[in-house]
Amino acid sequence: MEIFDYDNVLLLPRQCRVESRSECDPSVEFGPRRFKLPVVPANMKTVLDERIARWLAANDYFYVMHRFDLDALAFARSMREQGLCVSISSGVKPADYAVIDSLATSGVGADYITIDIAHGHAESVRRMIAHIKQRLPEAFVIAGNVGTPEALIDLENWGADATKVGIGPGKVCITRLKTGFGTGGWQLSALKWCARVATKPIIADGGIRHHGDIAKSVRFGAAMVMVGSLFAGHEESPGDTVEVDGRLYKEYYGSASDFNKGEYKHVEGKRILEPVKGRLADTLREMREDLQSSISYAGGRQLSDLRRVNYVILGGENAGEHLLM
């Protein structure tokens with residue numbers, strides 16, 4: 001098995017077949033809807049809030065609302081009243097079962113439900129998938145997080161409509177340091193490994209540092225890419241703004257950090273400061289343009305054409321050209 005990550009791989013260009021990069025279509029069909037980009041902001045308190053979720057949904061971007069200090073039923077009802085997509089997160093605790101039940105009994109429902117725990121290859125996840133499928137059979141269920149083909153196969157067999165791949169590769173995640181486990185440092189290999197056995201869509205979650213990493217994720221099997229740090233630190237971001245040496249920053253912390261949990265127990269995340277980047281809409285526009293450029297370099301016109309390119313691994317024992325692997 002090859003071991004590599006985003007910084008160790010470059011994609012190889014093919015003959016360009018468009019007159020302008022703007023002809024390339026980076027949109028993606030994911031579940032029952034089509035979205036402008038194969039990118040979703042991480043469902044974290046310092047990345048998005050209800051206001052940002054509404055804006056994303058209204059502008060045809062995928063989102064997953066976080067589950068922390070949130071009245072999920074009220075949020076879902078508000079989105080329904082505005083004719084917007086309802087996409088929420090769920091844990092596996094009794095309170096999470098109650099949320100699913102309330103969405104069902106109220107008739108509000110949900111379009112997407114993401115079961116989101118640090119180690120998703122668990123019986124608790126199997127039970128929650130079954131509960132959602134029973135109570136909200138029309139919902140598109142995303143489950144995770146996992147890091148091995150064995151785990152992905154199980155989640156698919158348990159009924160997940162998509163799986164989230166990535167254990168601890170994020171910028172504010174310290175799972176591998178605290179536990180010795182994870183996909184940090186080889187996230188792209190883990191994605192490739194899992195994609196080989198997948199029969200349903202994969203969300204690559206974590207480790208994205210540059211816009212080009214989105215194209216690499218699609219190349220190695222991702223249908224959607226979850227991004228945290230690149231979406232944190234915007235003017236609209238919900239984190240507190242602080243000034244350091246005359247420069248503005250926004251706080252950004254992991255969902256398993258003590259800042260998010262409110263206690264120092266089973267901590268696998270940390271807090272950092274992200275420079276304020278400007279407006280979210282500008283970042284999304286730039287991501288779209290960069291992904292259009294990636295598709296043109298792939299000799300294609302649509303997102304799936306990225307999966308046809310060759311790649312090289314830079315340095316190490318696996319260095320060399322790889323053909324359509």
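Count begins at 1; order follows the chain as displayed.
Any Cβ shown, glycine's included, is placed from N, Cα and C.
Packing around C173 (active site, thioimidate intermediate) is summarised by its Cβ count: 25 other Cβ atoms lie within 10 angstroms of its Cβ, all protein chains included. The active site, thioimidate intermediate annotation in Swiss-Prot covers C173, and the record cites sequence analysis as its basis.
Sequence annotations record features per position, and here Swiss-Prot assigns NADP(+) binding site to 202-225 based on sequence analysis. In three-state terms derived from DSSP, D205 (NADP(+) binding site) belongs to an extended strand segment.
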Open item on the list: Going by a 10 angstroms cut-off between Cβ atoms, which of the binding-site residues I208, A223 has the sparsest surroundings?
Closed with: A223
Task: Packing count at S217 (NADP(+) binding site) (other Cβ atoms within 10 Å of its Cβ) - done: 31
Open item on the list: Counting Cβ atoms within 10 Å of each candidate's own Cβ, which of the binding-site residues I202, D205, H211 comes out highest?
Closed with: D205
TODO: Using all protein chains in view, find how many other C-beta atoms are within 10 Å of the C-beta of I214 (NADP(+) binding site).
DONE: 26
